[in-house]
Amino acid sequence: MRNKIKGISASRGIAIASPYLLKSPDLSFEKREIDDEEKELKRFHGAINQSKVDLSSIQKKVSVEEAKIFDAHLLLLEDPELISAIETKIKDEKSNAEAALDEVMTTYIDMFEALDDEYLKERAADIKDIMKRIMAHLLNKWLPDLSLIKDEVIIVAKDLTPSETAQLDIRYVKGFVTDIGGKTSHSAIMARTMGIPAVVGTSLASEHIGENDLVIIDGEQGEVYINPDSETVKSYEKRRDEDKQHKETLKQYIDLPTELKDGHTVKLNANIGSPSDVKQALENGAEGIGLYRTEFLYMESHQAPTEEEQFEAYKTVLEQMGDRPVTVRTLDIGGDKELSYLQLPKEENPFLGLRAIRYTLKEKELFATQLRALLRASVYGTLKIMFPMISTIEEFIMAKNMLLAEKQKLVVEGISVSDNIDVGIMVETPSVIMLMEQFAQIADFFSIGTNDLTQYTFACDRMNENVSYLYQSHNPAIFTMIAKVAQAAKKYGKKVSVCGELASDDVAQAVLVGLGVEELSMNAPSILGSRFSLINHVKEDLEILALEVTKMKTQEELMKQVNKFLTQITV
């Protein structure tokens, strides 16, 4: 038997406990032609109703925050488009319910898994989860209830669904290990959110670990130990206690500014996708919302959200954040994000096609509805609005003029609107960087979306494994472009933020602050660790480092130099 298994580090930390082996039921089935479609439809709807009962029951056992996951699942179970598609297969193709469910759901899953936005990609996990639950009822199989666990354990599973993860009580579940998954899989994201160690993508952990074994998870190294010797256990017990102390230490930074040794401050903001994310942002010391992805509002239903629905969502976030600024990105749809009810055109290369601001400027009624909702909500807090995927000066002027026109209409209607709304842009295209002097004179602020900027700079699709090697987020070219943005913004007194994956990256943070980036926006769980790291720096040292790396030739050379610098700081 293997004593150590290597996987992917999904969530840092150390866990030592007995395993809880999560066995999923066999949900295999045979596709067959049915004789009685009414009977089959009754079976299907029975499974839907039983699934609703399941979810309502689980909701009562978990926390308020975790219960919200099941709201999305219940919405899916009532989605008329989804239900109708499955019913049609049963009626028109004489397909049994299992096969109809599998074919329709798989189409949806494939669509979401193809998305480039990691936040929205999580929807695929929700659909898989619902499909598994309905299928289990159709096949009369039992799904385990993890909320019943009352002993300290480490979950070992092939994979964990969102509903299974939401049932985990961290008083008892000390961590988990899965055979499949990566850093951005739903279970990995949930582990980081819950603050428990996790190693994913181990391939065969569930086959190697027995119920009487002792398991150690090293979330830092992505390693799992099975029945380790006493010295290894003692070593990891010591590290676990040190980690626990470090987490307690980080809590003291929740309400403190991110102040470097020389007094220079950097604002650390949170990225969110819905009002329910605000609580976690505040609990982790967010100084504002640096990116509110509004497309999630559009993906929660089978039709576009109304002005009133959007107004309530934006108002809720602004009220909860108080005097802390909230930066809302207008609808960023198209490219990798499709919505059936918007009927986006089929394009050979959607990433270079009708997406984000290009789409909303074309669909003016849809855009105006969102702008009106934002303007109405603006009086409830400090609102900043930014437009995604801007490529030209004309696009920004057109979008801003639409915003001003909707504001004037609201004023005429006697509806209050704030006069202090900053309007900025996402910096995602090389053309904006080449025109930064001009943009800096008319935009109020800039937020650099490093994910798309990297993709467009190197002309590569990062989801295409044939060219993914070109997706180099730490290449000197990217930092040189960011330097140009920061320099032009500083000249005209405008703020620059980074809201892509680089914002929470230890290596990148040091360089970004050295280049003059004043705000970093990231997933909430990364904020306190980032604050703790940054306060050990001196701005002048970071500026020298940044100047050095922008002169380098390769990503490898840059990473080596910055890691050397960070090691010296740590020592």
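The backbone N, Cα and C atoms fix where each Cβ goes, and this holds for glycine too.
Taken from TrEMBL, the feature active site, tele-phosphohistidine intermediate covers H186. Positions annotated as phosphoenolpyruvate binding site by TrEMBL: R293, R329, N451, D452, R462. The Mg(2+) binding site annotation in TrEMBL covers E428, D452. Per TrEMBL, the feature domain 'PEP-utilising enzyme mobile' maps to 150-222. Residues or ranges marked as domain 'PEP-utilising enzyme C-terminal' by TrEMBL: 248-533.
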Report task. Give me the Cα-Cα distance between R329 (phosphoenolpyruvate binding site) and E428 (Mg(2+) binding site), rounded to a whole Å. Result -> 13
Requested in this report: May I ask which of the recorded positions H186, R293, N451, D452 is closest to E428 (Mg(2+) binding site) if we compare their C-alpha atoms?
Outcome: D452
Report summary line: Across the domain 'PEP-utilising enzyme mobile' (150-222), DSSP labelling yields 18 helix, 18 strand, 37 coil
Report summary line: D452 (phosphoenolpyruvate binding site) falls, by DSSP collapsed to helix, strand or coil, into helix
Query raised in the report: Other than its own, how many Cβ atoms are within 10 Å of the Cβ belonging to N451 (phosphoenolpyruvate binding site)?
Result: 19
Query raised in the report: Hey, how far is D452 (phosphoenolpyruvate binding site) from the residue listed as 'active site, tele-phosphohistidine intermediate', Cα to Cα, in Å?
Result: 22
**Report entry** Whole-number mean of pLDDT values that fall within the domain 'PEP-utilising enzyme C-terminal' (248-533)
**Finding:** 91
Query - R293 (phosphoenolpyruvate binding site) and H186 (active site, tele-phosphohistidine intermediate), distance between Cα atoms, whole Å - result: 18
Query - Per-residue Cβ crowding (10 Å cut-off), top of binding-site residues R293, R329 - result: R329
